[in-house]
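Structure record follows, encoded as structure tokens.
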């Protein structure tokens, strides 16, 4: 029944806290839902006025987002799904499958009229969430090319749309081959943790914590405790980097005792017992045979590697654009001085 779903959702599993995979997934989730690590916040911050209340708005937006998403959303959907489908089925079909397969099946159990109304409301909300998120994530690219290369709004919108189309088509046609999962893992989890680490280091160490603190507290109606200066500068970067490094080198099973055994094996045998879900093991297909074609047909590994190549080329293309823009800006600065 539904109480099993609530128990599964809210009953603490303290033994999971030693698993880096759990922390990496949680970090990726919170960074994605708050648009951290993808440039969106920076772009929107350009429109913030000098004395706008950053502290109160940031905290209220973060709290409300997580309250609605986790407390209300998950507490409604998962218990209902468990009540109809069972806990094992929900575990196997969590995430993307929950929204597009589980919920439509549940709606069909409620009769034709209610199923139609529920389906329209559910997918309408998903569309609204998706389109607003897409606009937010596309804004940094459009703002960048408009400011640095003088593109018009229409031109930047069309080119962004073409890029999104090219990147999205493989996730549609080769969904069963794991392309969507690769996109989600590398861009929606791993890269966000990497970029978030870079952001916090640049903010607190390069820009400077003292200047940053003035920006945070200027014009705020809420007093931010001074302890957060220490947390932002020291605790946050260490915490995020610890999550990333432990996920990068996670040994088999990943428990505390397994780390001890892994280091013992490293120093005695010169090898490391990689866990299948460690970042390095997934990147280089450790613990499995590297086969792209089988009986003349592409394997799942081939599609995964091609999706990674496509993502890498996309990132490289963006890096080249940034390099060209920076070079152009330096050249213009020299001309201005002359």
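For all residues, glycine too, the Cβ spot is worked out from N, Cα and C.
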TrEMBL tags one of 210-229, 230-249 as transmembrane segment - which one?
230-249
Transmembrane segment per TrEMBL: which of the ranges 107-137, 262-292 is that?
107-137
Go through the chain and flag residues at least 6 beyond the ends of the transmembrane segment (309-326) whose CB is under 8 A from any CB in it; none is fine as an answer.
141, 144-145, 148-149, 163, 167, 170, 182-183, 186-187
Please work out which recorded stretch in 67-87, 107-137, 185-209, 230-249 has the most C-beta pairs separated by under 8 angstroms from the transmembrane segment (22-47)?
185-209
Can you tell me which parts of the same chain pack against the transmembrane segment (185-209), counting only residues 6+ beyond its ends and a CB-CB cutoff under 8 A?
24-25, 27-29, 31-32, 36-38, 229, 232-233, 236-237, 240-241, 243-244, 247, 279, 282, 308, 311
